[in-house]
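Visitor: Below is the structure I would like to discuss, written out as structure tokens.
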Amino acid sequence: MALTLAEYESEVRAGRADPVPGVGEVFEGALRVLVGTEDRTATPSAGAFSGAASQVWTWLALHRVLGDDWLLERAAARAELLAPSGRLVEDDVEVDLLNGVAGAVVPLLGLAAATGQDRWLAAAAHIGRRLEGLATVEEGGARWTTRLNPEGIGGFAHGATGIGWALTRLALSDAGTAADRGGWRRLAERAFAFQESLYRPADGNWLDVRIGAEEDFFTSWCHGSTGIGVGMLDLHRRTGDPVHLDMVRRAACAGAAEGFGWSHTLCHGDLGLWEFLTSLDLDGASDVDFGSASDLDGEILTGLEQRGPVGGLAREAFSPSLMSGLSGVVHTLLRMHHGAALPNPLLLD
């Protein structure tokens, strides 16, 4: 919430949003609560959306938006929790992006770039080696046992695609040795092979294999095709790998076929799909019409006007959060302006 308020104030100063009385005061209060909570409450996990890595990324994003040096210093202070000898890394059983050590890789790379300090590359490399040791590699690909999903699943937030994305980002960095980076790249390819083993051409989507779930196909960022597409599009832009682009195209087709109308959230709703589809530049490579940016903006705006913002899994329940609540709505509306250059939480960018 603090980040979204900072973004709003920044866009007001840039002339891209209308002033709202009291936002500055609420932001200052939210920032004080954030600092106090971090200082007084034990951080439960390493993850990028619920743990120490989420704190690192949030302070990095605030630094990007506001530019104050103390925000970067705060990011580095929270990153101490992700040091190689730290409990959150060594005792981690979550593993995935959302809650586990895989989620720390990209924020640590971002911190290394922002500070110029190689120690954060070393911390990311340690996590990469740990992910190698935790992987189950079989003929069908690589998967990871996690506390929530001991069977190992696909998807971005909780599964093989997200971990493979983090490993690829690590392999593309200066972290580790050349041998390390080669190993991370190969393991990521095996992770994507596992994801591909779940693809069902007749359904045009990847199967959700969580234990207890009915056979189903999701289009969300967290467990479905949107997350797969977001991650693969990021990697294609960095590598030019046609395998990544092929997955992007299929993910876009799945999302476009399902369409909008679930909830106004980044994690598991329309806002995540909007972020993905508006990021596409497939040069007519698909026979599916994904719609222009203005058409996609209209889908979100019409839904908000007709139903009001619907957030969270409980839909009617109030949630102020970024990934599953009203902060995500404000963040997305701000990003709709062509001049906005705000952080993208779906990629920890």
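Note: Cβ is positioned from N, Cα and C throughout, glycine not excepted.
Features from TrEMBL:
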type	residues	note
BINDING	CYS222, CYS267, HIS268	Zn(2+) binding site
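I'd like these features described in context: how deep, what's nearby, how far apart.
Guide: Residue environment of CYS222 (Zn(2+) binding site) contains 25 other Cβ atoms, counted within 10 Å of its Cβ in all protein chains.
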Visitor: Can you count the other CB atoms that lie within 10 A of the CB of HIS268 (Zn(2+) binding site)?
Guide: 24
Visitor: I need the neighbours of the Zn(2+) site defined by CYS222, CYS267, HIS268. Which other residues of that chain put their C-beta within 8 angstroms of the C-beta centroid, in sequence order?
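Guide: After dropping the recorded site residues, what remains is ALA157, SER220, TRP221, HIS223, GLY227, THR265, LEU266, GLY269, GLY272, MET323, SER324.
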Visitor: Let's check the environment of CYS267 (Zn(2+) binding site): how many other CB atoms sit within 10 Å of its CB?
Guide: 27
